[in-house]
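Here the structure is laid out as structure tokens; the discussion comes afterwards.
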Amino acid sequence: MSRNNPPPVIITTDPDSPALHSAPSTPPPNQRPTPTLVIPGSPASESSHPESPQGNDPFRLSPNARLYPPGSGHSPTPSYSSALTPPSPTLTSSSSVHFSDELPTPSSPNPKTSLALRDNHPDARSGMETLQTVDENDPQRRHARGWSIGTWSSAAPTADGYSMKKPLIRTATGASEVDGDRGEDDANKKGKKDKKGKKGKKDKEEPPSAHLDPDKDKTDPTPFREKPSRLAMLVDPKSLEDLEKIGGVSGLLEGLGVDGEKGLAVGTDEGNAENGAPRSSADMPGGNGPQWRASMDRRRDIYGRNDLPRRKSKSLLLLMWLAFKDKVLILLSVAAVVSLALGLYQDLGTPPKIIYNDECPDGCEEAQVDWVEGVAIVVAIIIVVLVGSINDWQKERQFKKLNEKREDRNVKVIRGGSEMVINVKDVVVGDVCLLEPGEIIPVDGIFLRGHNVRCDESGATGESDAIKKFSYDECIKERDNLQPGQRQKKDCFLISGAKVLEGVGEYVVIAVGPTSFNGRIMMAMRGDADETPLQIKLNHLAELIAKLGGASGLLLFIALMIRFFVQLKTNPDRSANDKAQSFIQILIIAVTLVVVAVPEGLPLAVTLALAFATKRMTKQNLLVRVLGSCETMANATVVCTDKTGTLTQNEMTVVAGSLGVHGKFVKDLSDNASRSNANEGEGHSVHGDFSFDMSQLNDYASSSLQTLFNEAICINSTAFEDKNEEGKLNFVGSKTETALLRFAKDMEWPNYRQVRESAEIVQMIPFSSELKAMGVVVRKDDTYRLYLKGASEVLSNNCTRHVVVHQDGNKGDDIETTEFDDDTMSNISKTIIFYANQSLRTIALCYRDFESWPPAGTEKDGADEVPYEAIAKDMTLIAITGIEDPLRPGVREAVEKCQLAGVAVKMCTGDNVLTARSIASQCGIFTAGGVVMEGPLFRKLSDSDRLEIAPRLQILARSSPEDKRLLVKTLKSMGEVVGVTGDGTNDGPALKLANVGFAMGIAGTEVAKEASDIILMDDSFKNIVLAIMWGRCVNDSVKKFLQFQISVNITAVFITFISAVASSSEESVLTAVQLLWVNLIMDTFAALALATDPATESSLDRKPDRKNAPLITVEMFKMIMVQAIYQIIVCLVLHFAGLKILGLEDNDQNNTELGALVFNCFVFCQIFNQLNCRRLDRKLNVLEGFWRNWYFIIIFLIMVGGQILIVEVGGAAFQVTRLGGRDWGITLVIGALSLPIGALVRLTPTGPFARLLVKLHIYADPNKLPELSPEAEEEQYSYNPALSRVKDNLSTYARIRGGRLRASSMVAKSRNAQLRDADIQFPSLLTMVPTVIAGTVGAGAHWVTPHNSIGLSNPAGQDPSYSTAELFKGKVQLHPRTNPDDPLYAKFGLQPPESRGSSVSGAEGLSSGDANNV
């Protein structure tokens, strides 16, 4: 075998395996050629299909790279079709992903599955949209979650900087288009025109091409063999022929300069190697060609980086231009320019006026300052636009950083012969990457080897099947052996964006970044983020306020114009310039009123609040993926949390165990004697048990037993050792597996790497939640051995023997085993219970030997593997290990805070009841009235029982992801706002279904993260409390700003309107420039100040708001109205009676001073009211947390300083004059009075205001009872078929009895048996008798549990104190402190605590006998 062309390594024991036979390069003459997808523009597209001489092959693609739908006229051959099924990432009973290879036949044209992409016949299997590119106008492409199928999903609120008319290929000189046109990106050019001089909008709207054309790719691949586009086209469409043309996998590896087993040759600086010392290129096997010596940078230059090009950010100038394009501002700008022109003409084109006063008794010229107002308005507009644009620019930068953080993740690769963890962006073409369950494949690749790898490609291609991956050689063999009419099934292609459902394997990367399948789709889907629910609410409110403000402005303009026309008659002496100036003043004041009334700061406030919140949340290990989730968490009522890693530290360590059955080992036995259940005294001791320290385990186990124990741990594991960021070696993988590997390392047994490399693996059984176990079959000389590890109570049932150790330490070299007996089974059960009650996770390790493979009497399934059920029996138990996962610090306090905030916490865990209840009791989750139940039982409940149990269910043990999803669905149907944590691939549906999904940042799979809204980067439950706090902080910030702005709006509109209409000169007491300054204060400055308050724990002191709660609460409404009325009264009194109150004469100087005083009082009322609006509750301390918010302090000082400068030096620009000490004193007193008035409002009872608002129909009646949705009401009575029939009969009975009975909801007509409206005959009523009896019996028997005999599942008979988790199947537990009169006791036939005559212990330190069981 040539050294330059190493063969792929295929692990198989089947002599007929396709891997052991070479495939001919051409198919047999009698074989039907494999149908191929015709690429638009390629030579093949001009010719006919091999089997379609007329050129009407139904499998051809249309010229625009889209599939012809059946019956479209392009496809004369009938096409098979089936209902399209929405993609599902899970394999539950309700999943759309199934393992089936059923083919369509004329007799069965609708198969259960669609194998479109796999056999290259998309429309023959209803895969019409498999390769259809997403249209950029499709609303779904803008969805923040629904289309998030890959690594680069983005919710940044920026416009699309890419049009992707042609896919980009990274070359040595930069990004270029694949057709070899100019190297610049035409999509970024604005205003480009076609030959007719029109902008090419049509081209911009077309979706990007779904295919690449290698013939137009001018990229020079030297030193590699293949161009980037040619490699990318291997998977789009999947083409085994194209792969064969480049030499198959061996030719591909040779062309890329990579070893199929040891990966790329790199130096030690390319990542964290498994052993810290990857081999150099000189040590690597392979060729000596230039491609073998190419650097990583060279690979990136040719094939690109695994990172999508950054979207073009809007510059500050562009944001300013977009802000200035507001129609109202444009109108105001036009008016300001006209005013400036008239002012300049007045000042420069006309002689100055001569005025006489005390200072100028002989007369002097009036100052030429008419131009100042126009300039001031222009400057004010510029400031408003500039400040708003800077805010948007800063917000965009924050979201950009957030997206960069969110897109960051690690992947496992093989480089230099060692496994290492690198950043996903560092993956290059040629890398050998590892596949693991739950991973979202980040790049395109070709499968090399693996065990039972199945992928869900529905999210990437619409393919609804779970597709198993095979090696290239197996695919070639299948193709060459196809009979006429058969289609290719086996697939070796891996598509980016697909999800690994199960299995482990390796693949070589062939396309990354924008050239990958998913990369091109993600580039096409780029767009602005959707608005959050709160933004939508505020936009509606802002639109309403703007309409009212616009109506006020229009009404003011009409009123002033009427006065203007009247004065044309009554005062004809005015010059034309005066008339024009007066008209412009009317227009300016009306437009300015509209500017002030339009609350453009409302959307800004929520955006700023979200931007600041998400930035600070990221620093606190909360990565927000969907902005709306922040708002939703504010009103969360239930949190369904995992146990492992969320409530506990997820740093598992083996602290106790049982070697065989009798040898109980404990870590640090002298300090932890209570962790051994051996010789615990009379009534608890088990004959033959003995304890020893874990460090002495090698003294009690023979060398053969040590080897067996070590192999059971090391071979049956996917974890490995790696260097962390600090350069220290640690284990990477499942926490349970890493704990066992660390245990083996502490025992100083042979290194796991050596053990794995020496093992010849025949079959692997990956872990699944259904099996609750994982295993591996290895060949040992002429025999085969199965190693299994998993849940102890599950695997113990499958064992019939156990290893034997002796207390005296005498041992030989052989492994001694013995049969199970009744005492042994009881011992194992009590050991499991003992460990579980100490919150230890129990893992059993066992093995079984076979003489041949497959074993006699068994057959391999369709996947060429022996079924698990056929071999997982009659095993020998090696050991049961107790793994400790201590509680995270502060978890109990966090649970208490949730409960204080009105958020119920429910634990959903896969652990047994005893462990789950112990942890829940320590955390404070299991409280009086709480219910404990197992997942299988909860799943079997009727809808009505589930609705009754769900609110009180606190622990759902042994639950599957489907159970968690069902619980979430039930809670949501009851109107709860549900948050859910998840870390596994199968948690995806529950995370999607929940109102807010939390994924684990450390232990979570990529599928879980992709389905989530928020990622807990440190997997801690405490961060869920932080999310609630920040969510309420965002909502509170927006409400604070809303309370402030509406009061300013009302005051400004009333004062301006009344003073302008009452003025003889059509002038408002607040000029246009002054109103623009007020607008700047109430929109931008207030949004920055009030939307940046940090989250505080005081927000947890209240219950969550209802879903239909109004945006403006009664307290807010009360404060808004009182403050607005106070400010209107003060300002209007000063305006109309100020001269008399202050004892001033009526002249121009005093009027100007009075106008400045009114303006100053108005502004300082807003400044002090801004302080007042920092609180929404009835507490009086408005300065709480004031000194912690630097934004508020700085903006408060800017507003005060700016107002002082305006009054003191603003002069003619703001039409004010300097104020004396008395006036400043009046200003500060009037402004500061807002604070005591606010305190008085808070002390005023809310009841009268609430009743008034209800009578005015502004608010809904809070005393009105909530109603169930029609769906929930129907489900309420569908739990028992007998009672459904009773309901039908009661409906009939109500026709005769009527009245009171008819008022009951029980008499609603059943959807199961609708009755006619005709009269019912009396004999029909007799049907009530049997159905009522049946209903009573059915309801009573619904919870009856059959008697369990003594055995492993129930070793103590009916005594629950000594029961394993198996005992609780079909049972319900209540907390011992539950009220004895609780109706659940009677409903489920439970025995209240005191009736048993036993004392009731507290929730803490609960023993297995403290709970009530059925």
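Note that Cβ sites are derived from N, Cα and C of the backbone, with glycine treated the same way.
Listed features, source Swiss-Prot:
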type     : residues                         : note
TOPO_DOM : 1-327                            : topological domain 'Cytoplasmic'
COMPBIAS : 190-201                          : compositional bias 'Basic residues'
TOPO_DOM : 349-370                          : topological domain 'Vacuolar'
TOPO_DOM : 392-541                          : topological domain 'Cytoplasmic'
TOPO_DOM : 563-585                          : topological domain 'Vacuolar'
BINDING  : Val595, Glu600, Asn1079, Asp1083 : Ca(2+) 1 binding site
TOPO_DOM : 607-1040                         : topological domain 'Cytoplasmic'
BINDING  : Asp642, Thr644, Asp983           : Mg(2+) binding site
BINDING  : Asn1049, Asp1083, Glu1208        : Ca(2+) 2 binding site
TOPO_DOM : 1062-1068                        : topological domain 'Vacuolar'
TOPO_DOM : 1090-1118                        : topological domain 'Cytoplasmic'
TOPO_DOM : 1140-1153                        : topological domain 'Vacuolar'
TOPO_DOM : 1172-1191                        : topological domain 'Cytoplasmic'
TOPO_DOM : 1213-1223                        : topological domain 'Vacuolar'
TOPO_DOM : 1245-1414                        : topological domain 'Cytoplasmic'
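Projection of Swiss-Prot feature records onto the structure.
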residue	record	DSSP (3 states)
Val595	Ca(2+) 1 binding site	helix
Asp642	Mg(2+) binding site	coil
Asp983	Mg(2+) binding site	coil
Asn1049	Ca(2+) 2 binding site	helix
Asn1079	Ca(2+) 1 binding site	helix
Glu1208	Ca(2+) 2 binding site	helix
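Taking the C-alpha positions, the distance from Val595 (Ca(2+) 1 binding site) to Asp983 (Mg(2+) binding site) comes to 50 Å.
Note: the CA-CA distance between Asp642 (Mg(2+) binding site) and Asp1083 (Ca(2+) 1 binding site) rounds to 43 Å. Taking the Cβ of Asp983 (Mg(2+) binding site) as reference, residues of its chain lying under 8 Å away and at least six apart in sequence are, in sequence order, Asp642, Gly645, Ala999, Met1000, Ala1003, Gly1004, Thr1005, Ala1008, Asp1019. Of all the binding-site residues listed (Asp642, Asp1083, Glu1208), Glu1208 has the fewest other CB atoms within 10 A of its CB.
The shortest Cα-Cα distance between Glu1208 (Ca(2+) 2 binding site) and any of the binding-site residues Thr644, Asn1079, Asp1083 is the one to Asn1079. Listed in sequence order, the residues of the same chain lying 6 or more apart from Asn1079 (Ca(2+) 1 binding site) and placing their CB within less than 8 Å of its CB are Val384, Val595, Val596. Here the topological domain 'Vacuolar' (1062-1068) has Cβ contacts under 8 Å with residues 560, 563-564, 582, 585-586, 589, 1055-1056, 1075, 1136 of the same chain, all six or more residues outside its ends. Here the C-alpha separation of Asn1049 (Ca(2+) 2 binding site) and Asp1083 (Ca(2+) 1 binding site) works out to 10 Å. Within 10 Å of the C-beta of Thr644 (Mg(2+) binding site) we count 22 further C-beta atoms, all protein chains included. When the Cα atoms are compared, Thr644 (Mg(2+) binding site) and Asp1083 (Ca(2+) 1 binding site) turn out to be 46 Å apart. Long-range neighbours of the topological domain 'Vacuolar' (1213-1223) within the same chain, counting only residues 6 or more positions beyond its ends whose Cβ lies under 8 Å from a Cβ of the stretch, are 372-373, 375-376, 1071, 1073-1074, 1077, 1149, 1152-1153, 1155-1157, 1159-1160, 1206-1207. The Mg(2+) site is set by Asp642, Thr644, Asp983; from the centre of their CB atoms, other residues of the chain with a CB within 8 Å are Lys643, Gly645, Thr646, Asn650, Thr909, Thr981, Gly982, Gly984, Met1000, Ala1003, Asp1019.
Note: the topological domain 'Cytoplasmic' (1090-1118) comprises 11 helix, 0 strand, 18 coil (DSSP; helix = H, G, I, strand = E, B). Mean pLDDT of the predicted structure over the topological domain 'Vacuolar' (1213-1223): 85. Residues 1133-1134, 1215-1217, 1219, 1223 of the same chain, all 6+ positions outside the topological domain 'Vacuolar' (1140-1153), place their C-beta atoms under 8 angstroms from a C-beta of that stretch.
In terms of DSSP secondary structure, the topological domain 'Vacuolar' (1140-1153) contains 9 helix, 0 strand, 5 coil. Residues 537-538, 541, 605-606, 608-609, 612-613, 616, 634-637, 897-898, 900-903, 975, 977, 1025-1026, 1028-1030, 1032-1033, 1035-1044, 1046, 1170, 1173-1174, 1176-1178, 1184-1185, 1188-1189, 1191-1192, 1241-1242, 1244, 1246, 1249-1250, 1253, 1258-1260 of the same chain sit 6 or more residues outside the topological domain 'Cytoplasmic' (1090-1118) yet have a Cβ under 8 Å from a Cβ within it. Long-range contacts of the topological domain 'Cytoplasmic' (1172-1191) within the same chain: residues 1036, 1039-1041, 1043-1044, 1088-1090, 1092-1094, 1096, 1098, 1102, 1113, 1115-1116, 1119, 1123, 1234-1235, 1238-1239, 1242-1243, each at least 6 residues beyond the stretch ends and with a Cβ under 8 Å from a Cβ of the stretch.
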